[in-house]
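J.: Pasting a structure here, questions to come.
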Amino acid sequence: MTGLFHQPEPYSGQKYSDLKDECKSSGQLFKDPLFPANYSSLFRGGAQKIANVVWKRPGEISEDPKLFVEGASSGDVHQGQLGNCWFVAATSCLAIHKALWKKIIPDPVGQEWNPEKPDEYQGIFHFRFWRHGGWIDVVIDDLLPTVHGKLIFISSQSNNEYWSALLEKAYAKLFGTYEALDGGGLEEALVDFTGGVAETIELQTEEYKNNEENREKLYAILKKAIDGNSLMAAAIPAESSAEMEAKTETGLVKGHAYGITEVRRIALQGTGLFNTFNQEKINMIRCRNPWGKHEWNGKFSDGSPEWSKISESERKKIGLVFEDDGEFWMHFDDFCHYFVNISVCRVVNKTIFSTSKTWEEAKIHSAWVPPMLAGGCANFPDSFLKNPQLAFSVTKKEDDVLISLEQKITDREKPKETIGFHVLKVEENRQTRMHERQQIIKSSKFKNSRSIFSRDTLKKGRYVVLPCTFEPGKQLEFLLRVYTDEDMKEKHLTSDSPGKLGGFCGLCASSPVLGVRIRFVRATGLEKQDRDAGGADPYIIVKCEKETVRIPTVENTLNPEWERSVLFFKSKVESPVEIEIWNKNPIRDQFMGLTSVLASEECDAKPYQLPLRARKPDSPTPPGNLVITLTVRRDIDSF
């Protein structure tokens, strides 16, 4: 388990409790040898880009230092002289989710300054971050860089509150210097704070800008995300340093990331006698500027006339207040028109906020290693399949599938590799590595970024995701994660062939001699068995030696089309493949006919039309034919 309740690993072997005990015994405040209070921790190569820096502990800056003053809030975080607005925005998002920040800042009460127990203060703090599949505990001292007694980086609205400045220092330690935080990505920080999976949605594309249907779908996606306690923020990126924090005509500010705090359909007041039944609902979204000022001034802004169309009871229901607090509502169409992108971080660990199920997870920690596991992308057909492979199944009629690929960053100064992945449709029972290219149904973007994400709706069936670098021959570690609503029967495909078949506990098992792939194309002219117009809901049961596979139901038809395949490995050439067609019913399924194929001679995608027959020779022959293609090979490692 790698969720928020997993025991974190001490970063660089520094254990908080041991170091604090050592400080108590020695009577000395903690000084971190791994992140010293000098220019080497501020700038790459120890450059002195800011003059007159003095490192001070909070008690030397404020009379009554506190970790928190009245808890954490998004207004606690004010950007300093670093270009790390992305980190400031992520920290502001974190602040409004108490369940999250209490995990990032462990034992906040125990770490708080306590004037009644001054001996408990040792100048040492610790924070937790998620990195490459696991949680780490980062220890720091509380020496903070100042100029003329003022913090030069993140500070709080309250002069004596220090949780945000100390959190920034711990994160900077993780990256090597404060300067390394200049110019990062909001979604990366959100992932490091939650262990979730993040995506960036570009709003200024034809997909959303001029397509109302797609905007409606996006609204549903964001609604599901906010209901699942996802962290979300929207932004209008500044295209130059001169544009940073430039206020637009609409009141929105470039370079700021606005936290999304609610997604809700709001009822307009009805008219006529039947008010309740005559209400139109509009898609609305609530945003918060973590800097606490500069609000939206368009439709549905604070005090705008549009709010007169909303009943008093509806306003109370959504907690509407008109204050200059940085929080405001927008119509979703306006939101999509004026904001440029949205970062969505889905917190996939179900135990953080509630006990309800959220996502099923499949993941592999692996590496691209030449020459056998670093084949590059699909542009390199000769080596493409020489990549790690993860098989998974969609068990619902269709399901939202989230895929996240992250390369392990060991040196932030080194250029990132260009990475991505492909998703291929495979046989329903695939358990071994692919050696023959199959249908690619999804390809991610390939970018030289830390992580790549995709969200797609896939139909019921089995798939293999191939993570890859763009070019072959690259060597580095990665983490691949796949999420679906239901159990996905995942398997990291590492074996080229199935090994020995049959037997009991390995006894009398036989080596496979043939590989057989059957693609079920369609059935025609099946017997009507249901009263409804379709006549039947057919599915297939296929058996070969001791393995049985079910091909999903096609509803309301006597001429079903499947376009699905199975893969068997036979230990006996003469053993047939038996195929039965059944009609799915609520109480008891009905037999519709059977057929078989010997599959003993080599062939490649050979078409067959197989007539159905009854179970017993003296029973009436059922109507219908099954159309398949058959591939049989003695080289079982060629599939």
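The backbone N, Cα and C atoms fix where each Cβ goes, and this holds for glycine too.
Annotations in TrEMBL come from automatic prediction, not curation.
Below are the features listed in TrEMBL for this protein:
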| type | residues | note |
| --- | --- | --- |
| DOMAIN | 29-348 | domain 'Calpain catalytic' |
| ACT_SITE | CYS85 | active site |
| ACT_SITE | HIS256 | active site |
| ACT_SITE | ASN289 | active site |
| DOMAIN | 497-612 | domain 'C2' |
J.: Under a criterion of Cβ-Cβ distance under 8 Å and sequence separation of at least 6, what residues of the same chain contact CYS85 (active site)?
T.: GLN79, MET244, GLY255, HIS256, ALA257
J.: Does ASN289 (active site) have same-chain partners at least 6 apart in sequence with Cβ under 8 Å from its own Cβ, and which are they?
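T.: Expected: VAL253, HIS256, TYR258, GLU295, GLY326, GLU327.
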J.: For the domain 'C2' (497-612), report the average pLDDT of the model, please.
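T.: 92, rounded to a whole number.
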